[in-house]
Amino acid sequence: MRLVPRALWNAAGASWRENFPLGGRDVARWFPGHMAKGLKKMQSSLKLVDCIIEVHDARIIPLSGRNPLFQETLGLKPHLLVLNKMDLADLREQKKILQHLEGEGMKNVIFTSCVKDENVKQIIPTVTELIGNSYRYHRGENLEYCVMVIGIPNVGKSSLINSIRRLHLRKGKATRVGGQPGVTRTVMSRIQVCERPLVFLLDTPGVLAPRIESVEMGLKLALCGTVLDHLVGEETIADYLLYTLNRQQLFGYVPHYSLGGACDSVESVLKRVAVKLGKTQKVKVLTGTGNVNVVQPNYSAAASDFLRAFRSGLLGPVMLDQDVLAPC
Ligand SMILES: Nc1nc2c(ncn2[C@@H]2O[C@H](COP(=O)(O)OP(=O)(O)OP(=O)(O)O)[C@@H](O)[C@H]2O)c(=O)[nH]1
């Protein structure tokens, strides 16, 4: 998908938007209140836990997405960062990403894909080693390990738990997986995921509200589906997607929708996508001589499809935090 098709060479030389208009957006509203309550519950369960697995989306480098309140507590327990959805991420700069994370104090990092069960097998041995090298306070005598899985919404926490369980115990789903953020809400309880060593995970992952340092970070999180789309606006997210793809010269959307060429106007792209998909709607227009029915492109349906295609990897892999890596 990285290869720029011949027809797009001209487009690749074109100039794309340097900035995305960020003003007037109330990012604080994008994350629902139930997450703050979850944090308290997680903090009270921490004394039962030997290790924390923090799951994040591999397309965003998890600096700003992390909740500072939890981060204070994280230092006390062995910590493994799992960067999931690697099948959707452009990881050509993996070395830089790891260096960057190490600079932020995150030494134990594994990239995974739960849809392909890629690298998931490395998790239990790594966790066991981390716990073995740590002081377990009052849990030193206990031969079973208890691990807490945490992370912001929709990054694949439940999928990871199910995947670990499937690979080590050959058992089916223990926790619900959903395409919408915020599926996991119920009280935490333990489930076994491995026999030797005996490892339990808190079966309901801890859902953290991300700390959004900037509107742009909020838009990246929205693009990855960690926020309910309607709170941000699908067309806004679609516009941010188009801006990102063009800036990074990722023109996979052009052949995907058989568009004539790349374009930086979201209105024009969504119009062509809507027509291509046959997503049009009749709208009544008031004229001087009465009401007239006009067929218009359904921009909202086109935006939904554009986002869905991106999120399922059909437009190619992406690294949304290239700007964070640039000064490394
Ligand atoms: N492509 C891809 N999709 C994944 C991967 N892991 C999970 N997903 C998808 O991401 C979506 C969210 O997965 P969940 O496991 O429900 O995520 P969660 O973090 O538990 O979500 P919340 O309950 O909202 O906190 C689902 O549609 C999964 O199928 C992965 O490695 N690759």
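For all residues, glycine too, the Cβ spot is worked out from N, Cα and C.
TrEMBL lists ASN84, LYS85, MET86, ASP87, ASN154, VAL155, GLY156, LYS157, SER158, SER159, GLY206 with the feature GTP binding site. Look at GLY156 (GTP binding site): DSSP puts it in coil. Counting only same-chain residues six or more apart in sequence, the Cβ atoms lying under 8 angstroms from the Cβ of GLY156 (GTP binding site) belong to VAL55, ASP57, ASN84, LYS85, CYS114.
Feature annotation from TrEMBL assigns domain 'G' to 147-220.
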Distance-selected binding-site residues near ligand 1 (C-beta under 6 Å), from GLY156, SER158, GLY206: GLY156, SER158
Neighbouring C-beta atoms (10 Å sphere around the C-beta of GLY206 (GTP binding site)): 25
SER158 (GTP binding site), number of other Cβ atoms within 10 Å: 23
List the residues of the same chain that sit at least 6 positions away from MET86 (GTP binding site) in sequence and have their Cβ under 8 Å from its Cβ, in sequence order, or write 'none'. ALA58, PHE111, THR112, SER113, GLU118, ASN119
Assigned element (helix, strand, coil) containing ASN84 (GTP binding site), judged by DSSP: strand
Please find which two of ASN84, LYS85, MET86, ASP87, ASN154, VAL155, GLY156, LYS157, SER158, SER159, GLY206 have the most distant C-alpha atoms, given that the record lists them as binding GTP, and give only that distance in angstrom, rounded to a whole number. 23
Taking the Cβ of ASN84 (GTP binding site) as centre, how many other Cβ atoms lie within 10 Å? 28
